[in-house]
Structures are given as structure tokens and as C-alpha cells.
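In what follows, a single structure is set out as C-alpha cells and then discussed.
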Amino acid sequence: MKRNHLSSFYVSLWLLFTAVILQAVESAKGKYAHMLFNELFEDYSNALRPVEDTDKVLNVTLQITLSQIKDMDERNQILSAYLWIRQSWYDAYLKWDKDKYDGLDSIRIPSNLVWRPDIVLYNKADDDFSEPVNTNVVLRYDGKITWDAPAITKSSCVVDVSYFPFDSQQCNLTFGSWTYNGNQVDIINSLDSGDLSDFVEDVEWEIHGMPAVKNVVTYGCCSEPYPDVTFTLILKRKSSFYIFNLLLPCILISFLAPLGFYLPADSGEKVSLGVTVLLALTVFQLMVAESMPPSENVPLIGKYYIATMTMITASTALTIIIMNLHHCGSEAKPVPQWARVIILDYMSKIFFVYDVGENCTSPKREKEEECKLEGDGGCQRRHKEVRSHLSNKNDDYHLKEKLNGNLNKSHGDHGENVREIVNCCSCYKMLIKNIEYIANCVRDHKASRAKGIEWKKVAKVMDRFFMWIFFIMVFFMSVLVIGKAA
């Protein structure tokens, strides 16, 4: 037990001694840091380039770290990004011998105390021209200064929406000195591309790279070269949101348009369906137009909307024409022979369009049943025979002659019965004439009705024909849009 207590006492004593030593070291370093700061900035000026020879070029190393894409405003063509900007250079007047200061090799001081390069974003699209954030800089004993500063930048970006929502964009971030030319300050790339290791994944855009290129430009105002570093941000839009909210509803609505041809003509909703679908697509088209920049390049989804709206307009116009054919009555001309052969004989079989009561297996069933019923009606055949027998003009004369001959041969008491028979035959003849008149009227009515039925069948066949044509058009347009996405 005593040994355990002694061990714990020695450990505590050692920890206390170590803490005292570290505090003394920190106090000594703090003392040397104050001494070093006072000696370095006693005669220092941050207004001039820190070079011993004014003809010497000061090299500034630039590194950009992309942290987050805050917004991509396609309509105003502005990219908002959160960056970490690291700049490093050597100051010839801020060096010291670290051995004289107890091995102190670096200090951290406010950035406004030292000279800083005036590197700015050339394609800045922000109204705020405030100074960079005054974060501390790290000053090393050899004069190297490293300045890390966060920045929220708004840069102009030319947005090409030709393949929206399956588009890719390239936005440039060009950094360079605003007043120093290439003979005074030269910019060097720290890396071949921007640093994306700390990038926060965006919900709308994928980052496919951020290559960096150094350019040396000579402007018309000055003969000196001006170097700059351009970081090209390669973005790929995530299209899932637009597929489920803009493209897929449009495709589903587009497939409703051909179904208008399948509606019965007597329903009265064929034209209403086409107009409703056209209005729905107009709403989606306005939603896309509000988010896109006004340019000559029409987005891919906009082209799809326009093509679909044109198709629906054509289908509505064709529906009106077919409705007129459907409602052709007895006053209309008969169906032309070429239409009867092409549409009623061939196209009706191709598109499985039959008359009322017909089907694809027995299209003549109704006619067979009618013939069967006519075969069972013996009285109708007898009436036909009597009508054909009495239709001649001499039938009554022959009948009277025959009856008169029989009258001479018969007894006198039978004369009244014969005259009654003659009178009955005359009444029967009048009845037959009335029946013929009614039959002619019914026959004319059936002919007129058959003419209207033929026009209705022509309209129905054309409905089926255009329905399949427009279904094929919608299908191929949808495949074309999806193919463009791939």
C-alpha cells in the first residue's frame, strides 16, 4: 500500500514539474514573440512591394479551395461560391534568425500590418467591393508569408441551356493583380487545379473538375503583360429533380393527347380533352421559361414542349374535322368509291373497326340473323308473291273475266257472293299500294341511315388511324429526348 502511494506521489510530482516547464517555455516564447514583433515592424511599411531591388519580380503563389456552391442563377448568369483563397509570398524585410529568439520560427499577425498583393476576381459580378477579410497571416523566419482568407464570390458565368436539364456548364474564376503588371508581381499556380478535398456536395450540381491555367494578357491600355490564373469549374446538373417534376409529367400528358381520338364522337369531350392538355403543357412551358435566361438557345425540354403543343394543336384540329365527318347526315353526299375501298374495306380491317353488332370473329352475324328471320317468315314471302302477281295492270281484268265466266256457269243464287269477292280483291289491291308506299318510305329511310352510318364508320376509322400515328410520334419524341440526355 505504501509503495502504491509513493508511486502516485511521484507521478503527480512529475506532471506538475512538466506543466511548470511548459508554462515557462510558453512564457519565454511569448516574450520573444513580442520582442521580435517590435523589432520587425519598427521601421516597416506595408505600402510598398517588399523587395530589395525594385526591378525584381515578386512571385505570389495562389491556391484556391472550393468549399461550396451556394447558388447558380441561370437567368442572371451568376455563380455564387464559397472559396478559401491561399496566397503566399516572400517579404524581404520580415526575416530573422530564429536562434536569437529561442528557436521561434513563425508568428501570426494581422494581415493589414504587412504588404498584401491586390489580387482580385476579374469576372466579379457583385455590387459589394469591400476589402478582403482581415484574417491573420503566418509569418515565417525566412520571410515567407501565408495568407488564408475565406471569400464568398459572385462571378459571371456564361450559361448554355441548350440541353437543359441534361446540361453541363463551365464557369471561369479569373484571379489577377489589379494594379501590378507581370514585371512587378507574377502569379504562380500552387496546383494544376483547384482543391476539391473539402467540397460540400451540392444538391443540384456535380463537380467534374476545376483545372487551373495561367494566362499572360497584354491589354490595349498598357504595353506590360498582366498575368492571371483562370480556374475552370466544370459542373454537371443533377437532372433527377427536373425529370420527375417537369419532363415526366409532360410525357404523361402527351400520351393523353392521342387518347382523344379514342373517345366516342357522341361524348362531346373530344375537343375539350385536347384543349385541356394544351393548357396544361402551356403552364409547364411557362415554368421552364421563367427559370431560363433569355437567349437564342432554346432548352431541350422547351423544344419538347413546343413539339408536343404543336402535335396537340394538330390533333385538336383533326378531331374537329373528324367530328364533322361523323355528323354527316342524310343530306350529305355518299361516301366516294375510293374512300369506301381504302377506308371502309382495308383500313377498317387493319385497325379493327366494325359496325354495330360486329366483331373481329363474325362481322356478318347480324346479316345472317336477318336472313334467317326472313326465311322463317312465310307470310312475308306470300305477300311478296301476291304483290308481284297483282302488280301488273291486267291482273284485275283477267280476274274479272274469270269470275264472269264462272258466273255464267253458276247458278243465279251465287252471283252476290262473286260480287263480294271482286270487291274484296279491289280492297286488297288498295292495301297493297299502301304497303308499297310505306315500304318505299322505309327503304329510303334505311338508305339515308346507311349513308350516315357509312360516314360515321369513316370517321371512326380515321380516329383510330390518327390515334396510332400520334402515339408513335409521342413515343419517338420521348425516346429522342432521353437519347439526348444519354
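Note that Cβ sites are derived from N, Cα and C of the backbone, with glycine treated the same way.
Features as listed in TrEMBL:
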type	residues	note
SIGNAL	1-27	signal peptide
DOMAIN	35-238	domain 'Neurotransmitter-gated ion-channel ligand-binding'
TRANSMEM	241-264	transmembrane segment
DOMAIN	246-480	domain 'Neurotransmitter-gated ion-channel transmembrane'
TRANSMEM	271-289	transmembrane segment
TRANSMEM	304-325	transmembrane segment
TRANSMEM	465-483	transmembrane segment
Close approaches to the transmembrane segment (465-483) from elsewhere in its chain (Cβ under 8 angstroms; 6 or more beyond its ends): 247, 251, 254-255, 257-259, 261-262, 300-301, 304, 307-308, 311, 315, 318, 322, 347, 351
Long-range environment of the transmembrane segment (241-264) - Cβ separation under 8 angstroms, sequence gap at least 6: 164-165, 204, 270-271, 273-274, 277, 280-281, 284, 287-288, 301, 304-305, 308, 311-312, 315-316, 318-319, 322, 463-464, 466-468, 470-471, 474, 477-478, 481
Averaged pLDDT score, the domain 'Neurotransmitter-gated ion-channel ligand-binding' (35-238): 90
